[in-house]
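Worksheet: one structure, shown below.
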Amino acid sequence: MLRVRCLRGGSRGAEALHYIGSRLGRTVTGWVQRTFQSTQAATASSRNSCAADDKATDPLPKDCPVSSFNEWDPLEEVIVGRAENACVPPFTVEVKANTYDKHWPFYQKYGGSYFPKDHLQKAVAEIEEMCNILKMEGVTVRRPDPIDWSLKYKTPDFESTGLYGAMPRDILIVVGNEIIEAPMAWRARFFEYRAYRTIIKDYFRRGAKWTTAPKPTMADELYDQDYPIHSVEDRHKLAAQGKFVTTEFEPCFDAADFIRAGRDIFVQRSQVTNYMGIEWMRKHLAPDYRVHIVSFKDPNPMHIDATFNIIGPGLVLSNPDRPCHQIDLFKKAGWTIVTPPTPIIPDDHPLWMSSKWLSMNVLMLDEKRVMVDANEVPIQKMFEKLGISTIKVSIRNANSLGGGFHCWTCDVRRRGTLQSYFD
């Protein structure tokens, strides 16, 4: 915190004025008195300034609007994204590395244009229904500002159009009473933070901490321009070798590559999160939080919550198609590893930016309530066997934009305290 040092006119200043007055005689006595009075006034003003400065460093209020330590405490307030004006990102190297080849012609044809209008309208309706159900469950819902993402912008290093304000999980992470803006890694997402600034400024004024991670330049050096991608097998080999489209030129990360369990936060090195970004988070959150790197057998690592989703104290969903290499860490801590069933989303349903495993991308309202897709009956039954009641909402069309319930939300406030689940 920047402090302002207060300068006060002390006893030496008064002695100096008295000396001057006695030497110059009565002709300047009035001047001396006025000067002394001015000094006293300045001192009082300085003290008032200090009081204002002290006020700026007061402790956070007990009713801070931002407070969340994990993924399962009772949910009180959440940000839900918007599908309005969502645009297909330009087909750049980082987009190519994060999408499947069957969709590449779609990006090449429509990059910079809006997603199909009919599909967007259906997605908007689904998310509105999701918001209504959350409100009925007693959750306060906040929404980002609507923005025209088709506008072209240019920096000294690149030019692009935008993507959307649909997935607050990708750009925001709440750790305790602090809300952190992720720097992101796609050029199409460079200005995505603008959609959330109205909300974040409100939280800040009401007592929350607000941190913006270092913004990358997204210059060519951040990306391996010759990243070889031709097949899923290529991706498996590259990921196994620790090779990703993002380099270590500068820190970058998406918030959705992190998942919280009290004092322990887990993160993967992915196509959008590099080691410099992870190290920035590790240093920023130390010593209160411990950041652990985990990895998976995943040909396209991007965002952890459709691969490894912590849903309760000692309870985690682990994608059977992408096994965790560090799963013994959780087993030794006594955690229960749950394997979700294969998703049943049809093969012909468009998933331009994700896989079918969005079925496990669920939002916990508390330890015993989960928001799950109404079409995914197998995973509903799995939760019921775990003693968790399901709140069913259909967001199939919203899935096409790259996210499930966890992605479409950022939990701002959960009723709970900071605890350790690994000590």
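Yeah, the Cβs are placed from backbone N, Cα and C, and that goes for glycine too.
Features as listed in Swiss-Prot:
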ACT_SITE  Asp254  active site
ACT_SITE  His303  active site
ACT_SITE  Cys407  active site, amidino-cysteine intermediate
BINDING   Asp170, Asp305, Arg322, Ser354, Ser355  arginine binding site
MOD_RES   Ser46  phosphoserine
MOD_RES   Ser49  phosphoserine
MOD_RES   Lys385  N6-acetyllysine
TRANSIT   1-43  transit peptide
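Comparing the recorded positions His303, Arg322, Lys385 by how many other C-beta atoms lie within 10 angstroms of each C-beta, the top residue is His303. Nearest neighbour of Asp305 (arginine binding site) by Cα distance, taken over the recorded positions Asp254, Lys385, Cys407: Cys407. Neighbours of Asp254 (active site) among the recorded positions Arg322, Ser354, Ser355, Cys407, defined as a Cα within 10 Å of its Cα, are absent: none qualifies. Every protein chain shown contributes to the tally, and the Cβ of Asp254 (active site) ends up with 25 other Cβ atoms within 10 Å.
For the recorded site, Ser355 (arginine binding site), the DSSP three-state label reads coil. The local packing around Asp170 (arginine binding site), expressed as other Cβ atoms within 10 Å of its Cβ over all shown chains, amounts to 28.
In the three-state DSSP scheme, Cys407 (active site, amidino-cysteine intermediate) is classed as coil. In the three-state DSSP classification, Asp170 (arginine binding site) falls within a helix. The two recorded residues His303 (active site) and Asp170 (arginine binding site) have their Cα atoms spaced 8 Å from each other. Rounded to a whole number, the C-alpha distance linking the residue listed as 'active site, amidino-cysteine intermediate' with Asp170 (arginine binding site) is 7 angstrom.
Look at Lys385 (N6-acetyllysine): DSSP puts it in a helix.
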